[in-house]
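**Student:** This is the structure I want to talk about, given as structure tokens.
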Amino acid sequence: MNGIEWLAKELSEHGIELSDKQKEQFQTYYRLLVEWNEKMNLTSITDEHEVYLKHFYDSITPSFYYDFNQPLTICDVGAGAGFPSIPLKVVYPELKVTIVDSLNKRIQFLNHLAAELGLTQVSFVHDRAETFGKGVNRETYDVVTARAVARLTVLSELCLPLVKKGGQFIALKSSKGEEELEEAQFGISILGGVFSDSYTFDLPEDAGERQMIIIDKRRQTSKKYPRKPGTPNKSPLLEN
């Protein structure tokens, strides 16, 4: 069974039926990822089955627990080669996706990828999340996602300022999410967020444990956050 057949079968078990067009989009995504990866570091995973399992399937797992089948505005922080937002966009074409990444080479790849996949309502921004979160897009997104970018204490300060009041920040972590959540509660509260839900599950074929943490944005974030680039990582918001 090749990668796309495997993905279609696994998603079908969760009530997601891929059309022929969507299958073609994933196959093109895989081909371009491997091609571009030869000239820039997009991923350490290039084996076909591994990409379909650990990148494509893994990116779509949030939709097993959260309704993405609606015209949400999504900002994906530090998405690298487009994970999780581009696989989600392929499955749920109504999503309006913005990706912010600090490396211009990755933005070039994403622009080429979106054109080849025929995606609309996607935009790719070359910026640091700390700077982007201070600009006109602050507090405008229904959902902000981040997948394995940094510890939750840091991620909260990068992502929550972008979430509009009433929206959600969805952090996708491997194991240790609960431990990170405990450490991040203080900062989440300062930034206007409240813990809502977390889901722990295993990827197929013993490919590892995953955690999805959902934070509700209840209040506007103080204008002093996010702090200047590098500060959230150097001195995260922790209870003294």
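Cβ atoms are placed via backbone N, Cα and C, with glycine included.
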**Student:** Which of these, Arg147, Arg151, does Swiss-Prot list as part of the S-adenosyl-L-methionine site with Gly78, Phe83, Ala129, Glu130?
**Tutor:** Arg147
**Student:** According to DSSP, collapsed to three classes, what secondary structure does Glu130 (S-adenosyl-L-methionine binding site) have?
**Tutor:** helix
**Student:** Among all chains shown, work out which of the binding-site residues Gly78, Phe83, Ala129, Glu130, Arg147 has the most CB atoms within 10 A of its CB.
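**Tutor:** Highest number of other Cβ atoms within 10 Å: Ala129.
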